[in-house]
Structure formats: C-alpha cells, structure tokens
Amino acid sequence: MSVPSSLSQSAINANSHGGPALSFPLPLHAAHNQLLNAKLQATAVVPKDLRSAMGEGSVPEPGPANAKWLKEGQNQLRRAATAHRDQNRNVTLTLAEEASQEAETAPLGPKGLMHLYSELELSAHNAANRGLHGSALIINTQEQGPDEGEEKAAGEAEEDDEDEEEEEEEEDLSSPPGLPEPLENVEVPSGPQALTDGPREHSKSASLLFGMRNSAASDEDSSWATLSQGSPSYGSPEDTDSFWNPNAFETDSDLPAGWMRVQDTSGTYYWHIPTGTTQWEPPGRASPSQGSSPQEESQLTWTGFAHQEGFEEGEFWKDEPSEEAPMELGLKDPEEATLSFPAQSLSPEPVPQEEEKLSQRNANPGIKCFAVRSLGWVEMTEEELAPGRSSVAVNNCIRQLSYHKNNLHDPMAGGWGEGKDLLLQLEDETLKLVEPQNQTLLHAQPIVSIRVWGVGRDSGSNRDFAYVARDKLTQMLKCHVFRCEAPAKNIATSLHEICSKIMSERRNARCLVNGLSLDHSKLVDVPFQVEFPAPKNELVQKFQVYYLGNVPVAKPVGVDVINGALESVLSSSSREQWTPSHVSVAPATLTILHQQTEAVLGECRVRFLSFLAVGRDVHTFAFIMAAGPASFCCHMFWCEPNAASLSEAVQAACMLRYQKCLDARSQTSTSCLPAPPAESVARRVGWTVRRGVQSLWGSLKPKRLGSQTP
C-alpha cells in the first residue's frame, strides 16, 4: 500500500472537516530500512489494542519524508493504468471489514504496523468519499503484491542496494514539478463524523489528490482525465490552482435552449445538456458535426437501441466524420447520428432557383412535395398483408432496409434514383418520385392502388416511410421504403387526407346515381358495386298434360258450363290432335307451354280465374277465365292418370292469391272480389250485409258441388 508523500495541509484539512485530529505513533514517511534498523526495532512497541493503533496513545516524533514511497505509488499507478483498470473506482473493502481483518492478521513487525496505519488512513478517505459517490476514488494497490513480495524475499541482503538507490532517487524525486511541499504530520479524521461531514468536500479533495498524482505517473496515462463534462476536476472551485474557474459554466442568452458555454484549459466549447453533445462552434451557426466534438468517437455508438431490438454485435455502427455542409434542420436526436449514412441534410443547400421552384410547388395546394431518399424495396406476400399482420410486416421491412450493413448508395439495392435525393410529390391522386435536378419523373403510383402505408415504429425511425403496392410489370407486391428529411408522419397524414377525399367523392357519386342526375362521362373508371336484394323464388309446380284448347263460354261459373265445353271438344277431336304440353302452376300465374318447342300456348292470371272443376271423366279438367268485360274463356285439359293433382294445385294457388288480396285490402275499404262463405262474412260486417252475402253464397254453392264431383 502506497501513501502519497506530497499532500497539502489545506487538502487534508478539507477532508477532515474539523474532526478530532489524530497523530500516528509511527512515521508514515520513513523508509523501509529506517524502520527496520536495530534502534527502531529495539524501541518499537506493538500496540495492545485498536485504540492504541489509531494513535490515541503516546506519539513518537515523525521521521523524515521518504521519496521511495512516492516512487512506489507512481510505479503502481502506472502498472494499474497499463492493466486498463478504472482509476476512479475503489476496490477496497469497507472500513469495518478492513479493521476486523487487520485485527486478526496484523503482523507483529514494525513494517506490518506501518501498513496497518496506511490502510486505516486510506479507508477513512474511502468511507468519506463513498457517502457521496457510492464508490471511493482511491485505488487499492494491494493487489499489486508481487513487488512487495519481492522485497520480503530479498531480505536484508538487498537493503544496502536500496539505500544507494534511495539516495539517487531522492535527488530526482524529492521535489517533483507542480507538487507542494511534503507534510510530516498528517491528520486523519476518525469516528462517525468523518463519514458524514461534508461529503462534497471530501470527494473534491480526494479527486484533487489522486488526480495530481496520476498526472505525474506517465504521459499515456494522463489521457484518462478527459476534458469532457463527465471528467472529474483537479480541485475544488475554491482552489486557486484549479483547472476550472468559477465562470467555467456559462449560460448565454444568445444560445438556444439547453445549451451551455464551457471554458477550461482546452478552450471554450458548447455543451448540449439534454443529449450530452459538445462542439467547438456556437450552436446558433451550425449544429454539431462529426470531428468537431471534443468527445471520443466511441461515445457515438448507438447503445440505446441495442437493448430494445437485440441486434448482434455487428449491427451497431458509428457515424463517420463528414466534411460536407452542416445540416439545415439543426440539432438532431443522438440516435439519428448513428445511422448507416452520415447525419447530414438529405439534399444539398438549394440554389436560389431551386428554392423558387420548391416554393412554387408548395404554393400550389394540389401538390405536396417531400424530400426523401429511397432505401430500396422488399418483396411481400399476400398473407403478410392480412388484417392484423400488415403493420408488423411493413415495420419489419422498414427495419430491414434502415439498418442493414450494405451500402445504401448501391444501385443493386433496388432503390429509386440509386440512393440519391428525390422529391416525393402527391399530385392529382398520384404519388410521384421526381429527380430534383432535371425534374425527371422516375415513378408514378396511383394512390388508390396503394395497399398499405406506414411510418417506422422503432426508436430513431420516425423519418422512415414505406408503402406497399403491386408492381405493374411483375405483378408482385413490393414494400418501398424511403428516408425522409422531415418526419414521415407528414407524408402519412397527407395520404390519409387524399384517401378521405377520394372516398367522399365516391359516396357523392353513388348518391348522384341514385338520384338519376349522374354524368356518366365522369364515372367511367369508378367501379360501383350495387347489391340488390335477391328475388324470392315462388314455388312452381309443373304437370304433363294434353291441352285440348279453349272455347268461349257465356257464364263465368257453373259445372254445366264446363261439362258442356268438355263434351263438345272430346266429340269433335281425336287423341292425335291434342297438344302435349306442360302446365306451370304458380301462386300468381298459370302458364301453358308446348312440350317440345316450349312455346307459350296460354298464360292466365290467377286473380282472373272465376271457376274450376273436374269433368264427368276423371281425366278431364277445366277452368274459366275472365278474358275481358263480359267475356269468358274455358281452358280444357286431359290428365294422366287423373286430374286430381292438377285441380288441387290450381285450387291452392287460388286460395293463396285470395288471402293476399284480403291482407292487402284495408278494413274500411270495399272490395269487388267474391265474398267468402256466409258464416265468416256475417261475423265481420254484421247483419246489415247479410242479404248481400246470401246472394253471393248462392253463386258459390255450385262451385263447391262441382269441385267434389269425381
């Protein structure tokens, strides 16, 4: 364990904070050989308990300062720096653990007492510093034990050589440049007050002490104390030799929000507090660029995204230094500075003529322009665009093309314009990609044919826009991804507005079609899908019969009328003259069709049927229809094996039609239809119409008798 021999009285007093001063019974600055000589060995007394070890007993006179301890401390710090150990982290045990271990295994020699006192002193410093930072600033060099073991192994035979070396080293290292005069009486705070009083001053003094000692260790080790905002200072603000003056941190009204001007020995630079970015130039004139920050380039590694996405080691990139013009958009997020191409403006500084063209385009409300750069396209399947999966698939395409390791300027990547700056225009319901220099149209995509569009959801990908559409030549689905200069949600919002406008126009067009005030010339390309309710198919029964023909009759009802017509036709014609045909019976219509030619021989409405009956022969069937005012016609049929099925079907159609007429007629309106049976009519209309119903009943009675005859 090495103890620095060049401590300032003010630094030690700042650490003690007025605690009880303790003196060590042994000179901590004496050489090894001086402590081990015969005189000291004869007079040295081992303390009986820890209280005497802490220096509360008698105190002998301290010996002269020894420069060899300083040499050992510097050598051990140099070796620790070579082994890449963190000099700002203390790996010593706690004060209680060290005290218990030292009490059990304390050596009985004077050299063991010297190590005990030095360790107690350093433990007090560590406990005080741990109160503020959680870890002390003092380095435990006890692990560098091989040097100490070599000294013990060498024994007294090498003491004479060490005396000669000490004399030479004292001449070189007795007064190193920049170090104050050594102190002989070093006071170390003890008790609980040393752990609680003034943790801020403890940390500053300890940082000053070991920062100065490390600065003298070696040239290559001096780089650990960088000049960034995270590095410890070499002293407290009250010290006159501090590298930081009281006005080191300044906030100027000329600086943007979040910026601070920092002054130190390296110069004046500007610190952006939210992101931790530093730059030499004032932030008002240019944003931070690579190569201008005093921080190390390793600090630009994208580490925040690694925990979220779990990329492999090769997926993290650093921003390469760029010598191009600074960005026009000001300070960007720190994640965006680590993308695969340099964090610069997607388009160079426009010439005044180009600015005028852009302003003219933006002035036109029908055209919206966005500066983009094509990252390529990825082939997709129809299953990936299913509801609930399309958003995940599009985001995966954005992630794949945004963070891949290949060169984005490679023309084989599938990007429009070979990775150069483009203009994405939304004009006349069309998405266009235009080359900004010569206004060459590279691609035109109708917005109505775009299946899906979206914006990157990952951290730092809010400037990535993608849309999915079917290629005209290959008919495959492609997801095109673009890196936008402005937030990509602006493009998505504009597309949403255009689609809403298109849907509104189509709804208005449908309303015009329904109102029969439509200009068909404007709706040639608009597909209309009008769904009409399917017509209800009525039950139709077909019967194979022989059609005997039709004859006019004098009365609309009567079995004798039907029998007379059937007898006249059967007597005047033979079976060969009958026409084979089909009779289709529907609830509304009776249709007679030719069996071979399907020609319509007759069509009768059921509502005009006045009477039906089966003839004297069970194979014959006939019904009377009203052909006009006071004009009636009788249609006759020959059925096989009998006419029962046909007569029942026609009777059922008549009953269904009659029921529909009753349902459609209002209760107060009168009807010209034949009345139902007398009993039901009497219940409805009362006794006032009984006489009229009875007269109708007389006309319907022969119908019932005729329908029951075989």
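Using the three backbone atoms N, Cα and C, a Cβ is placed for every residue, glycine included.
Record features (Swiss-Prot):
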{"type": "MOD_RES", "residues": "SER135", "note": "phosphoserine"}
{"type": "COMPBIAS", "residues": "145-173", "note": "compositional bias 'Acidic residues'"}
{"type": "MOD_RES", "residues": "LYS204", "note": "N6-acetyllysine"}
{"type": "COMPBIAS", "residues": "287-299", "note": "compositional bias 'Low complexity'"}
{"type": "DOMAIN", "residues": "370-509", "note": "domain 'PID 1'"}
{"type": "MOD_RES", "residues": "SER459", "note": "phosphoserine"}
{"type": "MOD_RES", "residues": "SER517", "note": "phosphoserine"}
{"type": "DOMAIN", "residues": "542-699", "note": "domain 'PID 2'"}
{"type": "MOD_RES", "residues": "TYR547", "note": "phosphotyrosine"}
{"type": "MOD_RES", "residues": "SER610", "note": "phosphoserine"}
{"type": "MOD_RES", "residues": "LYS701", "note": "N6-acetyllysine"}
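In this structure the alpha carbons, written CA, of SER610 (phosphoserine) and SER459 (phosphoserine) are 85 Å apart. For the domain 'PID 1' (370-509), residue counts in helix, strand and coil come to 47 helix, 50 strand, 43 coil, using DSSP. Calculated from their C-alpha atoms, the gap between the residue listed as 'phosphotyrosine' and SER459 (phosphoserine) amounts to 86 Å. TYR547 (phosphotyrosine) carries a strand DSSP state (E or B). The Cβ neighbour count for SER610 (phosphoserine), using a 10 Å radius over every protein chain in view, is 16. Taken together, the residues of the domain 'PID 2' (542-699) have an average pLDDT of 82. There are 21 other CB atoms within 10 A of the CB of TYR547 (phosphotyrosine), with all protein chains counted.
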